[in-house]
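Asks: First the structure, then my questions, so here it is.
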Amino acid sequence: MDTSNLTSLPEDTLEDNEQRAPQQPRPLSAFASRPDRPPTQTSSQKYSALDWKGFFDQEEDIRIPDSDDVFHVYTAGTEGPVVFCLHGGGYSGLSFALSASKIKEKARVVAMDLRGHGKSTTENETDLSIETMCNDVLAVVKAIYGDSPPAIVLVGHSMGGSVAVHVAAKRALCSLAGLVVVDVVEGTALASLIHMQKILSSRVHHFSSIEKAIEWSVRGGSLRNIDSARVSVPTTLKYDDSKKWYEGLSEKFLSCPVPKLLLLAGTDRLDRALTIGQMQGKFQMVVVRHTGHAIQEDVPDEFATLVTNFISRNRIGPRGVEIPGLRRPSQTNP
């Protein structure tokens, strides 16, 4: 059999090619070659956990006097008002990690693990009533700052948004200077409560590795930003929802006597009270496009910009609203 016309295998031509004189490369066309593909990551590399230290400055356990309750908080920044972050049910304070790394350039950030979540430990982990969780927030603020807290902007996502609204409506936080509620509206929250409970009850709670848990959260659609999931997912726990978190939420939100910002993921249904309130200019609303329910995780840079712009627009400084040219009593001459 004549084999002179058979094409050599690639392995056979390597040595021959090395011995030949180098040839001028042919001009490349858009159809003649493909760009080199970037190196691929394995699933364990892509979904590996990230350390909180790359985003927050420190973590701390806040012990509540006269109780066995210990709340875990993450902090960042050294100047400006305090952006006090409350995560949603099933999340943790690390839900705000990526956005905190941006917000801390203009304000201080405190993100706490709520009762029954993250690294916080309490006497009664199952008591997730709105009253108890509001008292938890007030107790943590007092434990950190005493009787003279700096100006605080409460930021709450989903369940944490409801807690933030109830805390603000109590008017028990003397230094409250602003309120930011992230993707929670009374009407839609109540309408979807049963569906949400079914989803939560069917969630997988045991994984062979942290990487698998992170991958499940991203592929399942609950989070869209892989880096944020790599920080926040490892500390999340199962939770139970409560109808009382959302009943009367719209009226309480509108009654809060501070500047208010409502962030929604996509177009949401405003109830009558919120629709009228928006028309009357009682709060600012921004619809954040191309994001899921966890806006602060999916688009952390945009979220951080919205929060810092809200602070600047309302002139919220470390001691509250700052009016140019107006000196505080403590600064006046005797």
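Yeah, the Cβs are placed from backbone N, Cα and C, and that goes for glycine too.
What TrEMBL records for 1-46 is region 'Disordered'. Sequence annotations record features per position, and here TrEMBL assigns compositional bias 'Polar residues' to 1-10. Under the heading domain 'AB hydrolase-1', TrEMBL lists 83-305. The active site annotation in TrEMBL covers Ser158, Asp183, His293.
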Asks: Provide, as an integer number of angstrom, the distance between the C-alpha atoms of His293 (active site) and Ser158 (active site).
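Replies: Rounded to the nearest whole number, the Cα-Cα distance is 8 Å.
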Asks: Quick one: Cα separation, Ser158 (active site) versus Asp183 (active site), in Å?
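Replies: Between the Cα atoms of Ser158 (active site) and Asp183 (active site), the distance comes to 6 Å.
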